[in-house]
């Protein structure tokens, strides 16, 4: 039976001793043991829709265009919201586990599911009319038809997200990441088989690719539900406290809404980037290259996001346990891992800059452009990794609202205007747009670093315990 990776600290550790190299080394090991499986889980989840897009691309150009458009639209209007909302559980479940309020972990998780499902109904209404909406916005009717049909079959997947995402945070808060790893990898293999069967063996076309996504995410939700229900590792935490249910829903939205803002504002900016690239002088080239850069950046981002999930878990656990010194060392450990991974992957990308474009295109023009913009992408790796880890700190502490406000300032008041100016007024084209993103990331990283460095960790620990133990007295 899997044991949690988060052993209890029997006593508070002095501030001086926590910063000694031995303590940092111990914390590095603990964070790494959480981060590596979570990065793999994130990759597996990310690959499900990617595989469906790849399979649809082998059907025809029309199907590829429609599926890509639907994937972009559903990510922005639905899946990003689900991913954002459950960030609240990284605060609530993690701190409840640290405070040994085990039954509240289950209550928070069930309240998240109950809150997500009505939101899914609202979003699904929008998805039903995607075809008409896209045509109204000037999209090609045939592409809009494929996108509309594909999105309709993704509605069940949206509801699956409402279930499995809270369960993922439920297990992560307890350090049960190996269960998540096995479940995610099993689901990935299941999806490959089901997608091929529905699309090619049964001839369902692009709709089959969407159905495969829905079936796979529900398969994932069922596996996680069975683990929570039947495994002894969750015996203490799967309970339900009915008296706390309504106050838990209020707390979920209190931290979930700014957490959704934290995630969605970033996701939406990159979709805006692709839209702006279509207005440049050579739209096909610019859109292709920026899409490739975005794909490379997203694939890299799963590594620091795994580190961020680990840091968020360690920070929330230790604050809930009243051990702010170790929580602070967890941040240092996360930053050390960020330095190592960003240096490695930036160097790797820069070394392979002249050939990596061939992974996505046979066009010499595209490959050369990707090589030209790769140094900027290397800098993005560094900045994105830092912001990911610091956002993990924000979720662990419960100040998602500050992170969301920083995102508005960094990306929409600074980054986006700079990118548009450089791309159109200075005629830097795609490079200018990407420079704008980098400026926004730099501002975001700077502001998050200032907030983190000036944080009173003892005060954060007191707030965490008050937040969890005094739920019945109202919101904190």
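Heads up, the Cβ atoms here are built off N, Cα and C, so glycines get one too.
As stated in Swiss-Prot, the feature transmembrane segment covers range 73-93 out of the listed 73-93, 94-114.
The transmembrane segment annotation in Swiss-Prot falls on one of the ranges 13-33, 370-390, namely 370-390.
Contacts between the transmembrane segment (73-93) and the transmembrane segment (34-56): absent, as fewer than 3 C-beta pairs lie under 8 angstroms at sequence separation of six or more.
Listed by sequence, the residues of this chain that lie at least six past the ends of the transmembrane segment (208-228) yet keep a Cβ under 8 A from its Cβ atoms are 48-49, 52-53, 55-56, 67, 70, 149-157, 160-161, 163-164, 167-168, 170-171, 179-180, 183-184, 186-187, 190-191, 194-195, 198-199, 202, 234, 238. In summary, the transmembrane segment (184-204) lies against the transmembrane segment (34-56): three or more C-beta pairs, each 6 or more positions apart in sequence, are under 8 Å.
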